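To start, I am sharing the structure in question, which I have written as structure tokens.
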Amino acid sequence: MPCESCMERDNKSTDATMEFLLLGFSELLCLRVLLFLIFLVVHLVTLIVNVMIFMAVIMEPSRPPMLFFLCQLSVIELCYTLVIVPKVLLSLIVVGGSTISFLGCAAQMHLFVALGGAECFLLVAMSYDRYVAICQPLHYVVVMSEGLCLRLAVACCLGGFAVGLGLTVAVFRLPFCQSHRINHFFCDVPAVLHLACTQSYTPELPLLAACVLLLLLPFLLILTSYVGIAAALLHVTSTVGRGKAFSTCISHLAITLLHYGCATFTYIRPKSSYSPARDKMVSLVYTNVTPLLYPLIYSLRNKEIRGVLRRMLRRKKIAQLN
């Protein structure tokens, strides 16, 4: 529910010098040190793993499409972590919450949505890559050319940036209540929308449109790709062939379900059902745990990635010996 006595527009709500107070985990005083150490270790491991994957792929002279997309996924997860996790760690150190400026909050929201949107679109590109590899194996090299992969990568980033910018502008044009206390550890969309001084559902329309563009449409495209893959596998008589094709898709399916599951649970629901405690718990998972799980589930289970990492470590060892 909107705050009381704030139905008129707050004169300070459009002031770029206005600040928000991120309450973070102020209610978990006894667990601050433990949570800080856990998230710090997870954050450092996530950074190391994603940087290793990025460097290994960059050093490869020839990069197949799947390696190219996995490299982009690592870059997105790396940026995604750097945008959110420092505020998480700060919220565990500062008692009473940490402040963030109006422009800083808007920038954080935009980057968060843009990177998450780019990842949604990238999962579509990866599903299309699997579709071509399984359904059109003889034309795979021609269809998934380096030029197409580059265009898909740029389109994913531009699409996420455009949707994120539109949603951020729509949210921060709203009148906010006198209380600028955000019961979250970063400027998440539902948490900021909860401060809007309005009783109508109009402010939720931009979020609904963003969910359609970033969640529903990409998920339908991924579903279409896998329907085509399933139809193609029905004509494969070899059990070994089916198993090999399935193994190339299982990691992508796991990441897709994890990513879309968390996002759907958090964003596709009415404002009236907003629960700060529940949202913070879910946000902890997809901002701290999933960036670590993605390279473990996908990249490190991929034979090409493992081969690239072994070659990089071998070159490093030879360089040290020389």
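Each Cβ is built from the backbone N, Cα and C atoms, and glycine gets one as well.
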What range among 121-140, 281-300 does TrEMBL record as transmembrane segment?
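Spelled out, TrEMBL records transmembrane segment over residues 281-300, not the other listed ranges.
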Out of 174-197, 246-269, let me know the one TrEMBL marks transmembrane segment.
246-269
What mean pLDDT score does the domain 'G-protein coupled receptors family 1 profile' (49-298) have in the model?
85
Who are the long-range neighbours of the transmembrane segment (78-103) in its own chain, taking Cβ under 8 Å and residues 6 or more past its ends?
15-26, 29, 32, 35-36, 39-40, 43, 46-47, 50-51, 54, 111-112, 115-116, 119, 172, 181, 185-187, 284, 287-288, 291
Using Cβ distances below 8 Å and needing 3 or more such pairs, separated by at least 6 in sequence, tell me whether the transmembrane segment (281-300) contacts the transmembrane segment (148-172).
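Answer no, regions not in contact.
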